[in-house]
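Novice: Take this structure, written in structure tokens, and hold onto it; I'll ask about it next.
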Amino acid sequence: MGGCAGSQRRLSDSEGEETDPAPRPPLQDRQGAHWKNAVGFWLLGLCNNFSYVVMLSAAHDILSHQRAPGNQSHVDPDPTPTPHNSSSRFDCNSVSTAAVLLADILPTLIIKLLAPLGLHLLPYSPRVLTSGICAAGSFILVAFSHSVGTSLCGVVLASISSGLGEVTFLSLTSFYPRAVISWWSSGTGGAGLLGALSYLGLTQAGLSPQHTLLSMLGIPALMLASYFLLLTSPGSQDLGGEEEAEIAAQQPLINSQATELKPGSSSHLSLRERWTVFKVRTVVAVFELLFFRNTFLSHAQQYRWYQMLYQAGVFASRSSLRCCHIRHTWALALLQCLNLAFLLADVWLSFLPSIYLVFVIILYEGLLGGAAYVNTFHNIALETSDEHREFAMATACISDTLGISLSGLLALPLHDFLCRLS
């Protein structure tokens, strides 16, 4: 049923034909469609962000280029690191992991900035297909790379996949009940946890980074299956019984009315909420510098644990909307700034006695970041009108990406400065 309905939707996408409103489906069918769409958007969120998260988790390995010459299938995932700056107490790479963060986010930013100008001209199906191909290509390119430059090109492909997918799927939520936003957000949080945990677990178990990345090629296939086979047609949704919403759902996705909207249409997003999605990510960019020598974990392992704990916090808070709704999301951004200041002070002064305290702080940072994301978009869904919601969802996420990009840019000179300290 889902596949048939999905096919009808994609045909409408391509041909732009309008169909007559269908009779209201029975309650049992509507409940079945609800759960299909809930699971579908959760899986889309999971698959869309998975490659992005894995590339961040592999950042230290990419820059260290920890591969043995010759046979790459027998690679020690955690060889004894060779510091590039032996005079520094931080065991620095010659290039900051913020470089991977930038490669993983700048293409996304460009896509989000250009999306309101003409992305609506491309139907949803080709966008989703392109996103899936780029995700698969990123895993393959990084896995078989022999240089940092080639690996960063693979990271760029992951960024294109994530950025195009996020704009596409967030816009798509405007044609479904508002509850799917919570499922999408939970799925993106799940991508953080499962992506970081899978990379950590497989490399800890002795699998090479190359084979770890190749084992994740099923994720792009799952994304395509979720979109083409699982989601039901937007026209069959009950968006609250409002006649205008039902009519809008019957139109081709991203119709001409949506393309005429101006940036001012998202004015319902308050300045405080804009500041919240423009949240601080320099904390993530300086994880590499939170290095403890007197521990059983190597530098590479510490970095992977930081990423996994951060993503665990993000997953928990992005899945908490049904339990806890935060209206004043600006407070979350303020707490993130305080967190950043505290961790930078520790990087400078090294006053925290144990890595486990850093683990707790990073988990807390993830909780703040995930809560800010899901509550901001939930507030947008509540406060924007039906005809403006699609545009608002597509444009509001630009602030989040711009904040991450600026954080990465700031982290590059900060990394170089701190690594020069004796």
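Quick reminder: no glycine exception, Cβ is built from N, Cα and C everywhere.
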Novice: Name the residue range among 180-200, 243-263, 285-305, 306-326 that TrEMBL annotates as transmembrane segment.
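Specialist: TrEMBL lists transmembrane segment for residues 180-200.
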Novice: When only pairs 6 or more apart in sequence are counted, do the transmembrane segment (39-59) and the transmembrane segment (212-230) reach 3 or more Cβ pairs under 8 Å?
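Specialist: In this chain the transmembrane segment (39-59) contacts the transmembrane segment (212-230) - 3 or more Cβ pairs sit under 8 Å.
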Novice: Near the transmembrane segment (134-160), which same-chain residues lie under 8 Å Cβ to Cβ, leaving out any that are not at least 6 residues past its ends?
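Specialist: That would be 47, 50-52, 54-55, 58, 62-63, 65, 67, 95, 99-100, 103-108, 111, 209-211, 213-214, 216-217, 219-221, 223.
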